[in-house]
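*Asks:* Positions annotated as transmembrane segment by TrEMBL: 39-58, 78-99, 145-163, 191-211, 231-250, 262-282, 318-335, 347-365, 456-475, 481-505.
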Amino acid sequence: MTLTAAGLVLAFVLFTGLAPELAGSVFGAARGWIESTFSGYYLVTVMLLLAVCAVIVLSRFGGVRLGADDSRPEFSNFAWFSMLFSAGIGIGILFFGVAEPIFYLDDTGAFGYPNNPHADMAGATTIGHERAIDALRVSVFHWGLHGWAVYVIVGMSLAYFAYRKGLPLALRSALYPFIGERIYGPIGHTVDILGVLGCVFGVATSLGLGVSQMAVGLERLVGLSAGLDTQLTLIAVISAISILSVVSGVQRGIKLISELNIWVSVLVVGAFLLGGPTLWLVQAFGETLVDYAANFIPMGLWFAETPERVEWQQGWTIFYWGWWLAWAPFVGLFIARISKGRTLREFVLGVLLVPTLIIFVWLIIFGGNALHQELTAADGPGTAGIIELVNAWNLPAALFASADGIAGTGAIGWTLSALMVFLLMSWFVTSSDSGTLVLTTILSLGNDHPPQRFRVFWGVVIGLVAAVLLVAGGLKALQTALIAAALPLSGVILVMTAGILVSLVRESRQPRPAMQRR
């Protein structure tokens, strides 16, 4: 299976690297067709997964433990939250924490305020406070409960079949209720290889696209050129640190870096909160929380009809749901790996609510600061300059411009920017090392401690894939292909959902404890 996975990785890299325009055209057409044809399916699927999470929490199934009945968690709550959040989010929240609310505040672009179907609740016609709250609510909607519900279902299914039923910690195990021992045959191999490809390409594309953003930060801090040489050096450095981390294991490398991420994040968030319009942010938090709680279900079920709003929904909501679904096998398996011994209720509430709350706070503070700067700009609302940077897709500059509005461009501002660049690198490392651990776990048929040579090999592969495609210009095409792959992966996830529900019902009818093989 390892040779097959490596061969397919090589084939995809050659195609997207040697013919990036053709690959982009092919994958872009596939993604466009999927988004236009299956928008309703994506909306219903994600809402269904969120509903299953609620059923698990409220039913007797919530007391079932991921492991033997007397097993207990391997990691403390803080370490657990740190690792699942670092693996599940990465750098996206840093840039989009500022950029996405600003996109929704603006009224000049196709993906901005005029076509935002969820902005009508305030009915604001000019840039102002009501429109800002609309922007925050929609941002939380895309990063909150719906997306994390996808990770919950995949992680819960894999952990249940691995630690309660004694099956390999691999995607194939979730099919056991339906195909039994045939999971060890071609069907199981195919599902696992899909997971490996998604993991390699997901981490590699994020790494390749992200180093360009990190290079902008270094150019700003120390005057280092943001060109290709710097970006390739960053890939090499991050890959080396990631390999050292994953070789050290979950208990040491991954856990320590994830915890460090959280502490530095707390420091940066505190600086944005205390250095920004604190009272306004607290008010915005309360308003957005109430607004989101009242509307997250209708927002999740709303289906666009007019051409402008269809374009908006496909460009934002359907894209996000596809991204969450595409990343679910990788993130879900990693979360499963660190969740042995927890009850299903504890797992669902922890993975669903805690990251959503952290993201909520993050978006309000980062996005709220940028919004407030635009609302109170000296030359009038919307003239602070962040909107222009976001519309030009210069997200790193928009992030740092928001920081400048708080701390200025002196020593304090430099320090704050340096902390954000450090976060970029450390989140990259946690995504890469957890991704390497996941794919080596799959390829070793669920071994919690895969051979170190596997970890080193696949860590190097991820770095090389990112570097080759960065040079060849094929990263965007591969990212598009990853989103398109969400459609078949969504089918696997629905089968997982049915599988764990069937297995839980069967277990509840057995007078004896569930069989455990390990």
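Don't overthink the numbers, they just go from 1 along the chain as shown.
Cβ coordinates come from backbone N, Cα and C, glycine included.
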*Asks:* Mind pulling out the one from 78-99, 191-211, 347-365, 456-475 with the most Cβ pairs under 8 angstroms to the transmembrane segment (481-505)?
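*Replies:* Top-ranked stretch among 78-99, 191-211, 347-365, 456-475: 191-211.
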*Asks:* For the transmembrane segment (347-365), give me same-chain residues lying six or more residues beyond its boundaries with a C-beta closer than 8 angstroms to one of its C-beta atoms, as numbers and ranges.
*Replies:* 53, 56-57, 62, 66, 77, 80-81, 84-85, 88-89, 93, 97, 100-101, 136, 139-140, 143-145, 148-149, 151-152, 155-156, 159, 265, 269, 272-273, 276, 281, 284-285, 288-289, 292, 335, 339
*Asks:* Please report, as numbers and ranges, the same-chain residues at least 6 past the borders of the transmembrane segment (145-163) whose CB is under 8 Å from any CB of it.
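*Replies:* Non-local partners: 46-47, 49-50, 52-53, 56, 64, 66-67, 71, 88, 169-171, 173-174, 176, 296, 300, 320-321, 324-325, 327-329, 331-337, 339-341, 344, 347-348, 351-352, 355-356, 446, 493, 496-497, 499-500, 503-504, 518.
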*Asks:* Report, as numbers and ranges, which residues of the same chain sit near the transmembrane segment (78-99): CB under 8 Å and 6 or more residues beyond its ends.
*Replies:* 139, 143, 148, 151, 206, 210, 213, 250, 254-255, 257-259, 261-262, 331, 334-335, 338-339, 350-351, 354-355, 358-359, 362-363, 366-367, 369-370, 386, 390, 395-396, 398-399, 402, 420, 423-424, 427-428, 430-431, 434
*Asks:* Any residues 6+ beyond the ends of the transmembrane segment (39-58) with a Cβ under 8 Å from its own?
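*Replies:* That would be 145-147, 149-150, 152-153, 156, 297, 300-304, 310, 313-314, 317-318, 321-322, 324-325, 344-345, 348-349, 352, 486, 490, 493-494, 497, 501.
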*Asks:* If contact means at least 3 Cβ pairs within less than 8 Å, sequence distance 6 or more, would you call the transmembrane segment (318-335) and the transmembrane segment (231-250) in contact?
*Replies:* no
*Asks:* What parts of the chain pack near the transmembrane segment (262-282), using Cβ distances under 8 Å and only residues at least 6 beyond its ends?
*Replies:* 78, 81-82, 85-86, 361-362, 364-366, 368-369, 372, 403, 406-407, 416, 419-420, 422-423, 426
